[in-house]
Amino acid sequence: MAQNPVKPTAEIYVIESDEAERMRREMNLTAVSDLLPALVPTAQRMARPQISRYHVGAVALGSSGRIYLGVNVEFPGVPLHHSIHAEQFVVTNAALHGERSIQFIAVSDFPCGHCRQFLQEIRSASQIQIQVTGQGEYRPLSYFLPNPFGPSDLLKEDVPLLLESHCNYLIEEGEKEEEICKGLGEMEERLRAAALMAAREAHAPYSGCPSGFALADGKGRVYAGAYMESAAYNPSLGPVQAAIVAYMVAGGSRGGGGEGGVGEGLVAAVLAEKEHAAVSQETTARVLLAAVAPKARFSVYRVRSSTSPW
């Protein structure tokens, strides 16, 4: 069998379709989906399980032909529900790159119930093919979750699901009245714009409370993530976690693989959400940000629904 085609020292979270096809040929595999299990160990090495020390990797193939890698991420000092599961990471990674569907997923371990439920937010989720490394074959998600509860139980057929195009009509309530000084003005504006755009793309059909989060590092680079709800509520992925995925995928925390932290170098953050939202991210965002990047400046901007595009 061919050697692992990705160098273990490289933090690579996305493989373009042409490169995936080249790797398939090089390994003499029948289909690109056969490549995914070979990439799982690479994903595991990039995991950040600072509490459990249990490395989980997930690798997904999208309809575009791209391959996405995902890892579990844990945050010491805060409740466990702040953790990012590898399957959540890989779906978020795909969403960040505009992927519209996922066809195959290879994982290092059986998906937990939390992740099986999260995957239900993807249209035709029951047909997603999943292989647990060492098990030898792909099986549909319906095999792992035979009697699902999901979007079809709560939403109309035409409501967009996870990975599909969303357009939450949101506009800002107004300027935030606080001092922006010492070179942070331009960065603050870019953070606010990125958080607002993420909120407009959020998947929040159950609460009607879309939100977005943006992070900035010391080099002025901005990373944004959108809130992703689950019909079962608890498996939902917060916008802070989604932004951290964006930060990691873009190489913002490169070199900190294994059990190192993920927030070094982050200097500012912005949350965009509705005023008096039934589901607010502000409190939990402050808790997680204080653990991940305690020196980062944090601002909250309020948005409201609009009847027309901005």
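Keep in mind that glycine also has a Cβ here, set from the backbone N, Cα and C atoms.
Listed features, source TrEMBL:
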type	residues	note
DOMAIN	31-152	domain 'CMP/dCMP-type deaminase'
BINDING	Asn72, Val73, Glu74	substrate binding site
BINDING	His85, Cys112, Cys115	Zn(2+) binding site
ACT_SITE	Glu87	active site, proton donor
DOMAIN	186-310	domain 'CMP/dCMP-type deaminase'
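Following the DSSP three-state reduction, the secondary structure of His85 (Zn(2+) binding site) is coil. Residues near Cys115 (Zn(2+) binding site) in space but far in sequence (CB under 8 A, at least 6 apart, same chain), listed by position: His85, Ala86, Glu87, Gln88, Pro235. The distance from the Cα of Val73 (substrate binding site) to the Cα of Cys112 (Zn(2+) binding site) comes to 15 Å. Across the fold, the C-alpha of Glu74 (substrate binding site) and the C-alpha of Cys112 (Zn(2+) binding site) stand 16 Å from each other.
Rounded to a whole value, the Cα-Cα separation of Cys112 (Zn(2+) binding site) and Asn72 (substrate binding site) is 12 Å. Listed in sequence order, the residues Ala47, Arg48, Pro49, Gln50, Ile51, Ser52, Val56, Val71, Phe75, Ser83, Ile84, His85, Ala86 complete the 8 Å Cβ shell around the substrate site centroid, once Asn72, Val73, Glu74 themselves are left out. The C-beta environment of Asn72 (substrate binding site), restricted to residues of the same chain at least 6 apart in sequence and closer than 8 Å, consists of Ala47, Arg48, Pro49, Ser52, Tyr54, His55, Val56, Ser83, Ile84, His85, Ala86, Phe89. Per-site Cβ counts within 10 Å over the recorded positions Glu74, Glu87 peak at Glu87.
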